[in-house]
Amino acid sequence: MLLDKLSVLSFLGLAPIFAAAQLSGSVGPLTSASTKAATKTCNVLDYGAKADKSTDLGAPLASAFADCKSGGLVYVPSGDYALSTWARLSGGEAWALQIDGIIYRTGTDGGNMIYIEHSSDFELFSSTSEGAMQGLGYEFHADDNWSGPRLLRLYEVTDFSVHDFILVDSPSFHFSLDTCTNGEIYNMAIRGGNHGGLDGIDVWSNNIWVHDVEVTNKDECVTVKSPSKNILIESIYCNWSGGCGMGSFGSDTNVSDITYRNIYTWSSNNMMLIKSNGGSGFVENVLLENFIGHGNAYSLDIDSYWASMSAVDGDGVQLSNITVKNWKGTEAYGAERGPVKVVCADGAPCYDITIEDFAMWTEEGDSQWYSCESAYGSGYCLQDSDDHVSYSVTTSTVSSAPSGYSATSMAADLTTDFGSTVSIPIPTIPTSFYPGATPYSALMANSASTAAASSIASHATVHSSSASVAASVPSAVAPSESIPAATSAVVSSAAAIAPSPAVGAQEGSTTSAPSFAAPSGAGNSPQGPTGASGFGEKGQQGEQGEQGEQGEQGVCYV
């Protein structure tokens, strides 16, 4: 249903907040969804959509967008909808997409089920916090097919937010942010199959804030790819996932000013994986702060010879100024996979790596190891020298637990995975993503005036040492009285595809990374890649690496 708290939440939609200086400026839409809805509302039911779980939503969604793309709100009411032809929504400005219903995949083409491109001042949300896309990926996976469609992709979108939305069981990746700017992603739940190639959120963009998100899968939780700059990722709940990371990185890697903060990881492949194998370029200014982990195969895993991707030409990606700070918890078996692994390229030794306030201990056995190669800095096995020459792997083993390693667990930690060949239920969005941390924004479903007011207060006090940036907060909307007439949709049998990120050979063809202009006020931070190894090192085959995308059949677009 469309909510009715316009005055308070419309104000909230433009409320300034203090977010970490890792961002270079404001994030989120420039106008509230309520303002857009008051301008014009395009209800898909008035364009031929039916909430019967069989009538294709593709053409009605494209037609509604065509009428509201220059300013307005496209509305998908509560109910069950089928999507058999994918929706490509191109060129919108000052518009919003409110999905309160559940969209079920019924088509079988590749590509992206919903593809938003070349848009500005955009917001995608569910006013009930129950809107979802159900990809029914198990129907592909039961036939050992891992290259089906992705659920949601944004390409060249600026000043935007996606929030209060659920993505379930994608046949391939769940959510990609491709060459976007000034975006905020929050209050989301993503639940995928227990297999590689089913990424949660992949980001290769500039000035993006991702926070308060839960991911279940067995590949990327929230991952930064190249090129990326000024990315703040915090309050992430990797609940039986692959884990957070950066990469895979190949040729011309260009990644800087990345912060991961308040990351909770349970029963995953790793807490943080920075992965590459050969290649060139750089990753610099990364902060990995306040991590809690339990039951994970790896903890900190920096691997410049990552075996799950084919080697790329080049001496290696240069890693520098990476700070790992305040990590607590336990790993599954420290004698087999130690909590600190920093393996850098012999042709490009990493430097200015700092590991401090790091206390992890093994759940099985009574020892664990720390391993470094061609890595310089301070802490554990890192070598302290200004002469950054390559050196062989050095490993130290300890048999006593470090002080202060004990860390709390989350009550919602899953007790088993969801497999990959049976239907996965649609979850609810949690209200807690990291122990002791309050989400920055209340769920829209819970955002009565009192909750909204408290959200303003929490936004005003987020990082006292940070720069002020504007960010979007849930804004309720109401439809305008007049409903436009339906327009015809255009159905394409083959749509052109946006470029892919620069990645390693296993993730599709490598592209050159554009250089971002250095933003003013950008803080320094260390960074790292993602991936999934451990737990049998399974499921990372090819990572479906942003490849293919040609010949997307059956795309509804305007």
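Just so you know, glycine gets a Cβ as well, placed from its N, Cα and C.
According to Swiss-Prot, the feature signal peptide maps to 1-21.
Using a 10 Å radius centred on the Cβ of CYS42 (disulfide bond) and all shown protein chains, the other Cβ atoms total 28. Taken residue by residue with DSSP, CYS42 (disulfide bond) is part of a strand. Taken from Swiss-Prot, the feature disulfide bond applies to CYS42-CYS68 (among others), supported by similarity to another entry.
The annotation N-linked glycosylation site is assigned in Swiss-Prot to ASN145 (among others) on the grounds of sequence analysis. Using a 10 Å Cβ-Cβ cutoff, ASN145 (N-linked glycosylation site) registers 13 neighbours.
Contacts of CYS238 (disulfide bond) defined by a Cβ separation under 8 A and a same-chain sequence distance of 6+ are given as VAL215, CYS221, VAL222, CYS244, ILE263, TYR264, THR265, TRP266, SER268, in order along the sequence. Annotation note: CYS238 (disulfide bond) sits in a strand segment as assigned by DSSP. Positions annotated as disulfide bond by Swiss-Prot, on the basis of similarity to another entry: CYS221-CYS238 (among others).
For ASN239 (among others), the entry in Swiss-Prot reads N-linked glycosylation site, with the evidence type sequence analysis. Non-local neighbourhood of ASN239 (N-linked glycosylation site): GLU214, VAL215, THR216, TRP266, SER267, MET410, ALA412, ASP413, LEU414, each in the same chain, at least six residues away, with C-beta under 8 Å from its C-beta.
When secondary structure is read from DSSP and collapsed to three states, ASN254 (N-linked glycosylation site) falls in the strand class. All protein chains considered, the CB of ASN254 (N-linked glycosylation site) has 21 other CB atoms within 10 Å. As annotated by Swiss-Prot, N-linked glycosylation site applies to ASN254 (among others).
Sequence-distant neighbours of HIS294 (active site) (same chain, 6+ apart, CB under 8 A from its CB) are THR265, TRP266, SER267, GLY329, THR330, GLU363, ALA407, SER409, ASP413. Look at Swiss-Prot and you will find HIS294 tagged as active site.
Swiss-Prot lists ASN321 (among others) with the feature N-linked glycosylation site, giving sequence analysis as the kind of evidence.
Annotated disulfide bond per Swiss-Prot: CYS344-CYS350 (among others), in sequence order, evidence recorded as similarity to another entry. A C-beta separation below 8 Å, combined with a sequence spacing of at least six in one chain, links CYS344 (disulfide bond) to ILE302, SER304, GLY316, LEU319, CYS350, GLU373, SER374, ALA375. CYS344 (disulfide bond) carries neither a helix nor a strand DSSP state and counts as coil.
Sequence-distant contacts of CYS381 (disulfide bond), defined by Cβ-Cβ distance under 8 angstroms and a gap of at least six in the same chain, are VAL340, VAL342, TYR370, SER371, CYS372, ALA375, THR394, THR395, SER396. Reduced to three states, the DSSP call for CYS381 (disulfide bond) is coil. Sequence annotations record features per position, and here Swiss-Prot assigns disulfide bond to CYS372-CYS381 (among others) based on similarity to another entry.
Under the heading compositional bias 'Low complexity', Swiss-Prot lists 503-526.
Per Swiss-Prot, the feature region 'Disordered' maps to 503-558.
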Other C-beta atoms that fall within 10 angstroms of the C-beta of CYS372 (disulfide bond): 27
Candidate with sparsest Cβ neighbourhood (10 Å radius) among CYS68, CYS221, ASN321, CYS350, the listed recorded positions: ASN321
Rounded inter-Cα distance in Å - CYS42 (disulfide bond), ASN145 (N-linked glycosylation site): 37
Using Cα positions only, nearest of the recorded positions to ASN321 (N-linked glycosylation site) (CYS68, ASN145, ASN254): ASN254
